[in-house]
Amino acid sequence: LVLSLAWLGPAWGGEDKDEEVIEEEEKEKKEDEVLSDEIKEEDNVLVLHEHNFARALSEHQLLLVEFYAPWCGHCQQLAPAFAQAATELRNESSPARLGKVDATAQTALATEFGITSYPTLKLFRDGNRTHPLAYTGRMDSQGIVRWMQRRAGPSATLLQDTDTIAAFINSKDLVAIGFFKDLRGEAAQAFFEVAAEVLDMTFGVVEAAELFQAYGLSADTVCLFKKFDERQTKFPVDPEKGLDTAELTRLLRIHSLQLVMEFTNETSDQIFSAKIPHHMLLFLNKSSPAQLSLQDSFRAAASGFRGEVLFVVVDVTGHGADVLPFFGMTAADAPTLRLVKMENNRKYKMEQDNFSDSAIRTFIQAVLDGKVKPQLLSAEPPEDWDTRPVKVLVGKTFEQVAFDETKNVFVKFYAPWCPHCQAMAAAWEELAERYKDREDIVIAEMDSTANELENITIHGYPTLHYFPAGPGRKMVEYKSTRDVETFSKFLENGGTLPEEPPVSEVRGQPPCPGLSPAPAG
């Protein structure tokens, strides 16, 4: 009987009806979940949407929200670190919480907060929905935790007596202390802002008059205490202009570095984040006592250029070995000197290396005064550079090909290690094959890690430039979709495309950074 009823069920419509009811109930349940302001969590991260966002803001004093897209590779990469940071903050009972919004599904929230790329992180404080703060920290768990901790509590420690301040100064290799007569004044508040942003430095504040006197101060001053080089650097607050946060941050970055840095895995972040416009590099083999002794004159030359030129020692047998190809060098070239202009990665070389401090100073000043021409890398052109559909350019041959007034030249500037370049390689070959019989069109490529140009700086890979025929040395950067049909349309229209909405960072892929970590950027 049971079996008979089971078989007859569908004929009576019972089972179909049950399935419909179940589907309807599940649908209603999902709709209720979406419409509800209940806040669910995944790995201690609040799952937010249009209907619970306001509640989350009202319940959490500090809420860092990640706006993401499920298909975004950068978001997927960030997810484990974001969850780990959320767990750490939760475990320490911090008032700071982390949340996430699928911006592709919650389009109203994405529009409200101007989300144009993924992931975008914004901090909401005290329920304020109209003025969220952009996240400026590192995209790893410790970076997120430290950034949030600085905003959850005082960004600087209040120091009230001589014993406390002495212990504070001795606790780290580097501490910044703001001496302010009024901690509620504009200058002190600007100092707190800087302390909240500069996460790799420890900050303290002083208001007590006896501590001003103990440290020989009579007016508002920021002091940097170090266990290296000059032990104390003072930055007096201008009584008329006040304390400029950007300028103080710059000065702290510059003076927190040793006068002469050694390029290592541990110091590379410091070297690049200082944003000093020029780097003077001494390449040497640290296993050679004779070469090690060159550091004395190198250091002697450094003091007069602090803030303008960063002096860096690079061991060609250590961490520095990885950067030698960027300079077209091998370990056998050491000892040698190079100066790099960070703005465009131009490299300058002495005609003959002279390691005396006076010669180094003279050379640097000549570069700063524009009296020295940069040294440009160029590989040798392959024998078959112009016999294949894609023409292979090098520094030495670029001018004659790209600026040929009878040709329209489309050039891909690439790096061999760049995944985006590798992904579009087949499309570039197909494009070249399509136009190989056109006398007026040249499809070319240049390895920008081995070749440099005097008037063209490549900041990311791949970069595509179009050089139209005719006089005037014109250049057009291609910024649209990287596929054969769009490339072809661009060429057939003489280096332009019909007006279309710009490709958003959300959908497009950002280029690979122009250079791998090296003293030159």
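Every residue, even glycine, has its Cβ placed from backbone N, Cα and C.
Nobody curates TrEMBL annotations by hand; they come from automatic prediction.
Taken from TrEMBL, the feature compositional bias 'Pro residues' covers 510-521.
Annotation comment: TrEMBL describes C72-C75 (among others) as disulfide bond.
What TrEMBL records for C418-C421 (among others) is disulfide bond. Every protein chain considered, the tally of other Cβ atoms within 10 Å of the Cβ of C421 (disulfide bond) stands at 23.
Per-residue pLDDT, averaged across the domain 'Thioredoxin' (3-153), gives 82. The domain 'Thioredoxin' annotation in TrEMBL covers 3-153 (among others).
What TrEMBL records for 367-496 (among others) is domain 'Thioredoxin'.
According to TrEMBL, the feature region 'Disordered' maps to 492-521.
The two recorded residues, C418 (disulfide bond) and C72 (disulfide bond), show a Cα separation of 18 Å. Of all the Cβ atoms in the protein chains shown, 17 others lie within 10 Å of the Cβ of C72 (disulfide bond).
Note: the Cα of C421 (disulfide bond) and the Cα of C72 (disulfide bond) are spaced 19 Å from each other.
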